[in-house]
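Okay, structure first, notes after.
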Amino acid sequence: MEAKKLGLVLGISTIVAAFTMVLHLLEAPQVQHALLGEFNFIIPAMLKGASSSGKYQQGKAGVLLPNLTSCHESMGRSDLPVYCCPPMNQSDVAFIDFQFPDPSLPLRVRRPTHLLDENYIAKYKKAITIMKSLPDTDPRSYTRQANLHCLFCTGAYNQQHSNSPLNIHRSWLFFPWHRMLIYFHERILGGLIGDDTFALPFWPWDIPEGMVIPEMYMKAPFFHEARDISHFPPSVVDLDYSCTAPSSDDYGCFESGLGPEDQVYTNLVMMYNQMVAGAKKMELFMGCPYKAGEGGSCNGPGTLELAPHNTVHKWVGSNLNPGSREDMGVFYSAARDPIFYPHHANIDRLWEVWTKLHGNKVITDPDWLDSSFFFYDEKLLLNKIRIRDVLSITRLRYAYEKVDFPWLNNRPRPSVPLEVARNVLKTRQNAKLQRNGRFLDSTLRTRVNRPKVRRTKKEKDEEEEILVVHGIDVPEERYVKFDVYVNVVNETLMNPRFREFAGTFVHIDPGVIRVAREANLETLRKKTDLKLGISELLEDLEADGDDSIWVTLVPRSKGCINATVDGLRIEYIR
């Protein structure tokens, strides 16, 4: 055995020496990167048998890991098969356990897109140009980077020790998985230009200065043709963007019609609701607990994932692809657009902001903490990284340049005087949902009883009152969006700028439902529960002492015609 190992080492040494000589004879860095990519697949494969850390071991019962031997064709949309798999079986590549960067290294500081200088833009341009020149066999190439998102949002990988497809959207995996993706993408870009201080920018669409597509992303190599040209600057982003409105005869999208100042104000109020009023407890912001196996799946996204995350994806996507607004408008193709990365850097920043606003609380469930994924780094090493490894951005050696949070001071006001609203609501007759659900083909209004009234401040601090829209069944081929309001007098005037707005539901078809169905895994096609925090809303509407509230669901997409809701109820969450 020892002789065999010695022979292996000598053989590798000979290959390394010969390959180094070849690289010295080549001047083009793009060619060097390409050959280096091929070379780095050979050596790990040879070493795999001798590697102890690189063996795929069985995880704990609830811990999620992808089965890297299971990559297969998946569904970009319910009507579109896609193949995002890497060109070689990743299970043949040895991996290492992720190691934190040296704590003495300087922080990579991510800056807002509207404050970038020409020197930085030139550096980023060089890095992304090299990345786009790499062959698909190199996991650092732009295509392979984009396909990572496709792999994990379309069901291309199964879970380890299960036939269940793995999906990183619509649950508590959303924030940490995207943080991993952005983190390694950033390291690879820096490595390609030899700059270990390089940091991605973030697109701060949550503040007025950042509410347009950044100028640099309107120029090569950051420009992307598959975008909605009507949303090019100076158009202000709509953080509550709605597509395929019910009144539409086609798959067009619904523009708010607001002027720039009104749109900015509405966006700020929307941010307040998604980050503050509607997200006071961990699950409301992070999403539902998703665990291994068929019985562990869930479908309950957090506030920020629903909007502005989903809505900005749709707003950027091309109106020339009306069914799903590729590329940004659907997950399998979203990361093809360079603007995907500053968009998700801002999502990552807002996760950090929310955590600090809530006393640095984190999920302590070991099934979440130990769930793991695999990413290549700038040295072409495959890293196994756990969620617990990405909870401190300081330990990851990056930070965000500070910007103001004007949305913190934009608590919304009621649409009409509260006394007027109360008199109108008293005249309404009781209305209830049908027992087996109700189609959202039109505005739905119903009375919901409240189990607890006149709670003390201490009780409210300990338990958030939540409105649950339960049993949402979405046809797999449809984009579905509807808004939820409480004690509304006139639904036709409603939008997120008013206090009656409780939240929004946004479903972008990930294709994974079709994968589960074709694999006879109907248990994975679970209905969705939308959970909305309403304690603060009820206080502002002076409805905290009422035995019941009126809840209105307003369809914002044509897909709602075939979507159903089983009912609404009040719950309490700690």
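Each Cβ is built from the backbone N, Cα and C atoms, and glycine gets one as well.
Since we're looking at a predicted model, the values are computed, not measured.
Taken from TrEMBL, the feature transmembrane segment covers 7-26.
Beyond the ends of the domain 'Tyrosinase copper-binding' (337-348), by six or more residues, the same chain brings 110, 113, 128, 146, 149, 175, 178-179, 181-182, 185, 200-206, 213-214, 217, 221-224, 226-227, 304, 309, 312-313, 316, 327-328 to within a C-beta distance below 8 angstroms of the stretch. Per TrEMBL, the feature domain 'Tyrosinase copper-binding' maps to 337-348.
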Whole-number mean of pLDDT values that fall within the domain 'Tyrosinase copper-binding' (337-348): 98
Residue distribution over DSSP helix, strand and coil in the domain 'Tyrosinase copper-binding' (337-348): 9 helix, 0 strand, 3 coil
